[in-house]
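Data block below; observations after.
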Amino acid sequence: LLLRWRRRRALWRKVAEAQERQERSLVRMEAAVHRFREQHPSVSMASILSLPLPELSGKLRDGSLPPDHVFYAYVGKALQIATETNCITEFLQESENQVRKAKLMEKQGLLYGVPVSIKDSIDCQGHDSTLGFIKNLNKPAAEDSVVVQVLKRQGAIPFVKTNVPQSLISYDCKNLIFGQTRNPLLYTRTPGGSSGGEGALVGGGGSVLGIGTDVGGSLRFPAAFCGICAIKPTGKRISKRGVMSGVVGQKAVAAAVGPLAKDVESLALCLRALLSEDMFSLDSTVPPLPFNEEVYSSTKPLRIGYYETDFFTMPSPAMRRAVRETKQLLEEAGHTLVPFELTNVDYVIFNYCVRGMFADGGSSFVKKFKGEMEKGGTGLFFWLAKAPQWLKTLLSWISKPFVPRFSSIIRSMKENTVDEVWSLHHEIEDFCHQFIAQWKKLNLDVMLCPMLGPALGIGYPAKLSVAVSYTMLYNALDFPAGVVPVTLVTDEDEEQLKGYKGYYQDWWDRTLAKAFRGSVGMPVAVQCVALPWQEELCLRFMKEVETL
């Protein structure tokens, strides 16, 4: 007991030191902005912050806006949003030196002088990538991740790191070190996760461009919940070298690195910059596919598949309306909309996603929590991963008639043999080819899908792990998928929510109905999907949706 008490005291000390560092970061940001304002009292911060990224980067490159003006405008705004939402974990102090150097450099790179926020799990030299784990504190990265190196070569200035949920396997945003991040639109709501700090900062206007990751919706949840845009590319389109993962080594559910921004044009500019010779030379495992301008700027009418529900997670009234209204606008604009029938999503979620990510019975996931003081945010998965196999089998058998989804999750979390893992990977490949065959039979270009929304209350994602079905499907398939906000929750949506029952009418469905309530005025997005390696077509479709 004494040893345990001493160990816990040592851990609390580490947490306290990290929190002090976070506090010092915010003090440094405040001091830096104060100094700049004293030296440049006439600079209009508000007019800089109002510029969309393409216009801002144009002014930086043609010299009409000095990089330090832009940098300190965003440092000031980021400080305000961090104070309100607790989204920033660290200010990258070396960014001030980069700004000074940028003033003397040639104006090169598509992102010259653009301040960029970086998710905690993406390595920045000299800074921790904690994933919300105490054991990862005071272990600064030896070098920048490839994506950060490319951003710097393109002239961008990474200036802050942002908060994540512990382990990243959550679509909330809370850990014991840095605490809970709040939604900038409504503080009682989650900003989404796991790129929740990014969603809050970009959504609140404290960053013009953020970089995050996605293994089940971790870019798309924060974007949808905070009313901004994001794209999850095909897994290997952008380098993941130097990017920490929640479950290392699993290949069943593809993770991806991608951008978040206020509009689609900003995402396109970011991908233009990243998909450059810089990235292909730094990471030879990334296919050398530069940004296809012709596909992105095409105006030919699209043939678009759509569905309103996956018959697993019942959409909220606002989600259903978002798809219907977007479909109608697209048809009026001359595009062809074709119904797409989704089947067996329950099988995909349990047997491909859950079983694929926890194919070792969850033992590597549990190991990550060893020596930690809190196992929050991952709730059910952590508990099941720790349970012995006989207990899982018994619980699965007992619960099957009453709570079939719970029974399926337990069954999915059994330890697999190597042979079973290989069979699973083969089965996922087959499923992907069948999905593409169905897509091609309908001669589709892209797909319009629902996106979970509006933002759930803080703490609800831990109770609603099953609600990731709309996003996680496209990680299992490894298709590019983006989100665009299209509407706000109305009083009528709220009224219709009273009749929300769900498809299973189990505890999860009842909890989701509660989580959706009281959201009038909150944003709701749709998901735009394309076939693998067709990020430009996905963005072109997103742009069309945004414009309409």
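Backbone N, Cα and C define each Cβ position, glycine as well.
Lifted from TrEMBL, the feature list:
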ACT_SITE  LYS119  active site, charge relay system
ACT_SITE  SER194  active site, charge relay system
ACT_SITE  SER218  active site, acyl-ester intermediate
BINDING   LEU168, SER194, VAL215, GLY216, GLY217, SER218  substrate binding site
DOMAIN    73-539  domain 'Amidase'
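The structure, with features from TrEMBL marked on it.
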residue	record	Cβ neighbours (10 Å)
LYS119	active site, charge relay system	28
LEU168	substrate binding site	28
SER194	active site, charge relay system	35
VAL215	substrate binding site	25
GLY216	substrate binding site	28
GLY217	substrate binding site	31
SER218	active site, acyl-ester intermediate	34
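When the recorded positions SER194, VAL215, GLY216, GLY217, SER218 are screened for a Cα within 10 A of the Cα of LYS119 (active site, charge relay system), the ones that qualify are SER194. Same-chain neighbours of the substrate site beyond LEU168, SER194, VAL215, GLY216, GLY217, SER218, judged by a C-beta within 8 angstroms of the site's C-beta center, are, in sequence order, ILE169, SER170, TYR171, GLY193, SER195, THR213, ASP214, LEU219, PHE221, GLY246, ALA255. Among the binding-site residues LEU168, VAL215, GLY216, GLY217, the residue whose Cα lies closest in space to that of SER194 (active site, charge relay system) is LEU168.
For the residue listed as 'active site, acyl-ester intermediate' paired with LEU168 (substrate binding site), the C-alpha to C-alpha distance reads 8 Å. Residues LEU168, SER194, VAL215, GLY216, GLY217, SER218, recorded as binding substrate, reach a greatest CA to CA spacing of 11 Å.
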